[in-house]
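For reference, TrEMBL has these:
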BINDING   G80, V83, N87, S318, N350, L415, D418  Na(+) binding site
COMPBIAS  7-22  compositional bias 'Low complexity'
COMPBIAS  23-45  compositional bias 'Polar residues'
DISULFID  C184-C193  disulfide bond
REGION    1-64  region 'Disordered'
TRANSMEM  74-92  transmembrane segment
TRANSMEM  104-125  transmembrane segment
TRANSMEM  146-172  transmembrane segment
TRANSMEM  235-253  transmembrane segment
TRANSMEM  262-282  transmembrane segment
TRANSMEM  315-332  transmembrane segment
TRANSMEM  344-365  transmembrane segment
TRANSMEM  394-415  transmembrane segment
TRANSMEM  447-472  transmembrane segment
TRANSMEM  478-501  transmembrane segment
TRANSMEM  522-547  transmembrane segment
TRANSMEM  567-588  transmembrane segment
Amino acid sequence: MQDKSGKAAAGSPAGGNSRAAAEQNSVHVNGHTVTQNGHSPATTPSPQPQLECRAQSPAPATAPREQWGGKYEFLLSCIGYCVGLGNVWRFPYLCYRNGGGVFLIPYFIMLFVTGVPLFLMELSLGQYGAAGPITVWKCCPLLKGIGIGMLCVSTLVCLYYNVIIAWTFYYLGSSFQSPLPWSCDAVANLALCGNRTASNSSTAKTLSPTEFFWNERVLGVVHSEGLHDPGPVRWQLALCLLAAWIIIFLCMLKGIRSSGKVVYVTATFPYFVLIVLIIRGATLEGSLQGVAFYLTPDWGRLANAQVWNDAASQIFYSLGIGVGGLLSMASYNKFDNNVIRDTLIITTGNCCTSFFAGFAIFSILGHMAWRKGVPVAQVADTGPGLAFVAYPEALALLPGSVFWSILFFLMLFMLGIDTLFGNMEGITTAVLDEFPQLRRNTLHKSLFLGALCFCFYLMGLLLVTNGGIYWFTLIDAFATSFGLIIIALFMCIGISFFYGVNQFCQDIIDMICHCPPWCSKVLLYFKACWVFCTPFLLLFILTYIFIEMYNTSLHYGDYVYPRWGKALGVCMGATCCLQILIWAIVAISRETGTLKDRFQKAIRPLNSWRVNNLNSASGRTAERMEPERVETPFTVTLTDMDFTAMAWEA
């Protein structure tokens with residue numbers, strides 16, 4: 001019937017122009033126009049009638065979309081993006097604060113119920129749509145605000161994350177001095193170490209050399225009174241921040257073609273350093289005391305809601321869910337990449353790295369506690385304090401401290417730069433997809449990237465003032481707080497109930513050429529998570545965050561943030577999630593009919609949604625797009641004249 005339908009079409013007024021008609025997504029049969037909506041014949045036997053009314057004007061020709069040079073580039077980029085500074089300073093602290101080894105129970109429950117399903121959802125959505133965080137929501141125009149919200153979160157994260165890399169640069173440069181400038185062997189610290197030794201028997205609290213170096217020489221926070229008093233820019237940190245942004249610009253100048261090669265070094269080097277630090281830590285006196293402190297279980301902590309909230313927040317923090325980086329990196333995959341396999345590899349590798357890094361951290365902190373004759377709890381810290389105060393002090397006690405310090409801060413630099421690649425990729429991909437003319441012109445694309453990095457540098461100067469750490473802590477506390485959870489919640493609900501969880505699972509199967517039997521079985525588990533378990537747990541986390549945010553005050557050290565400062569942080573988070581509501585109203589207002597009709601039209605995929613994947617798999621294009629084949633049911637009436645007047649070809 002295919003041949004006959006083809007001849008019937010040729011005999012129509014559009015005969016002889018079947019290829020042109022196919023390019024316009026329509027075929028004329030017996031005077032009727034049948035619209036093709038871009039759905040693959042293999043996946044959707046008949047197009048959905050409601051999509052016919054959503055025809056879009058032909059998109060302008062764009063430059064071919066880049067693709068990863070190989071699957072290992074994508075895997076290493078995702079692992080480097082997920083394995084960041086939080087794996088080194090946040091997970092070990094949360095583990096010992098929330099019951100030691102028993103924290104792993106809620107951690108892995110949250111991983112498999114929220115982390116892995118949402119991770120797979122982002123990778124699959126980006127890979128199937130071959131588009132960035134904003135354009136990919138052609139699958140459900142009502143939720144375009146999710147992509148805008150992701151862009152806002154990425155902007156806030158990039159703003160403060162590169163400041164950490166600037167601090168790392170400062171410490172890395174200082175590590176080449178012998179003795180280390182934050183050790184008691186340094187001449188400038190002799191009086192400070194003497195005062196600390198003399199006051200051991202008293203209750204007076206004196207700064208250690210590492211605390212003095214961090215607060216006085218690096219941050220200059222002692223010269224600021226709070227948020228309202230940022231003070232002058234510290235030129236040393238400003239130069240380090242400028243160097244960090246220049247490195248980011250150069251590494252991303254050619255897109256994934258350049259950053260995909262850089263990750264071969266930046267994603268693997270931290271593992272080498274962690275192995276070296278673990279071997280070194282195991283040979284130190286008191287290391288087992290630190291490891292025992294890290295893993296000793298406290299089973300009573302399981303009944304505390306704070307433990308479960310910390311486990312969930314760490315999953316979001318370390319996997320980078322809801323920020324747009326994963327979605328953007330997956331959009332450069334080949335269409336038939338096995339996204340389920342990649343999800344399991346990346347998430348497992350990331351969480352194992354967090355657990356693995358705890359041994360490197362606490363074995364050396366145990367030695368530090370043994371040298372000082374104090375419990376490990378007194379030398380452990382969280383956040384920047386662990387990476388820039390406690391651990392440098394421990395490194396200063398080791399023989400060959402200069403070498404170990406250089407190695408450690410080089411590792412921190414590699415960890416931070418990889419994560420920033422992913423966040424910046426989320427921003428650039430979203431903008432380039434919305435403005436494809438930038439992608440076509442290499443010069444304009446380079447100018448855009450340069451302007452973006454320069455704007456981030458100018459905004460980041462606020463964070464390298466004397467009071468910059470107060471602004472850093474404020475952005476860090478609210479950038480990835482309730483706004484990120486709300487974005488992930490609406491993404492899960494939108495794909496499951498608006499786009500359709502069955503259709504989404506079918507899309508995943510379509511991407512995997514030869515779907516193994518275990519893939520389809522695993523998808524049943526993910527389907528249950530997307531519809532029931534994940535939204536429920538996200539609502540629980542969201543509720544707890546709001547309760548905790550209302551009842552507790554934000555502080556850095558002894559400084560308690562004023563009410564207006566906390567309100568400013570809430571506004572940052574609200575700005576990200578309110579994009580969902582704003583752009584939903586815009587999408588509904590663009591439709592016609594009653595409010596119900598507008599809503600139903602706004603949740604239907606656009607005609608151009610499923611066409612995006614065709615340029616991602618040149619080998620499958622012919623299989624997925626047959627211009628002269630009409631998959632829509634129609635009737636062809638043949639008469640005797642058709643058989644006598646027409647010469648049928650074989």
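In case you wondered, yes, glycine gets a Cβ from its N, Cα and C as well.
The transmembrane segment (315-332) makes no contact with the transmembrane segment (262-282): fewer than 3 of their CB pairs lie within 8 A, with pairs spaced 6 or more apart in sequence. When each of the listed stretches 146-172, 235-253, 344-365, 522-547, 567-588 is scored by C-beta pairs under 8 angstroms to the transmembrane segment (478-501), 522-547 comes out highest. Sequence-distant contacts of the transmembrane segment (522-547), counting only residues of its own chain at least 6 positions beyond either end whose CB sits under 8 Å from a CB of the stretch, comprise 110, 113-114, 116-118, 120-121, 305, 308-309, 312-313, 340, 481-482, 485-486, 488-489, 492-493, 495-497, 501-502, 504-505, 508-509. Two recorded stretches are said to be in contact when at least 3 C-beta pairs lie under 8 angstroms, sequence spacing 6 or more; the transmembrane segment (344-365) and the transmembrane segment (447-472) fall short of this definition. The largest share of C-beta pairs under 8 angstroms with the transmembrane segment (146-172) comes from 567-588, of the ranges 74-92, 104-125, 567-588. The candidate set comprises the binding-site residues G80, N87, S318, N350, L415. Of these, L415 has the most other Cβ atoms within 10 Å. For the recorded positions V83, C184, C193, the greatest number of Cβ atoms within 10 Å around a candidate Cβ is found at V83. Segment contact holds for the transmembrane segment (235-253) and the transmembrane segment (447-472), given three or more CB pairs below 8 angstroms at sequence separation of 6 or more.
The Na(+) site is defined by G80, V83, N87, S318, N350, L415, D418, and by the 8 Å test on Cβ atoms against their centroid, the other residues of the chain that qualify are I79, Y81, C82, G84, G86, P270, T353, T419. Between the alpha carbons (Cα) of S318 (Na(+) binding site) and C184 (disulfide bond) lies a span of roughly 35 Å. Among the binding-site residues V83, N87, N350, D418, the residue whose Cα lies closest in space to that of C193 (disulfide bond) is N87. Around D418 (Na(+) binding site), the C-beta neighbours below 8 angstroms that are at least 6 residues distant in the chain are S77, G80, Y81, V83, G84, V263, T266, A267. Cα spacing between C184 (disulfide bond) and N350 (Na(+) binding site): 36 Å, rounded to the nearest whole number.
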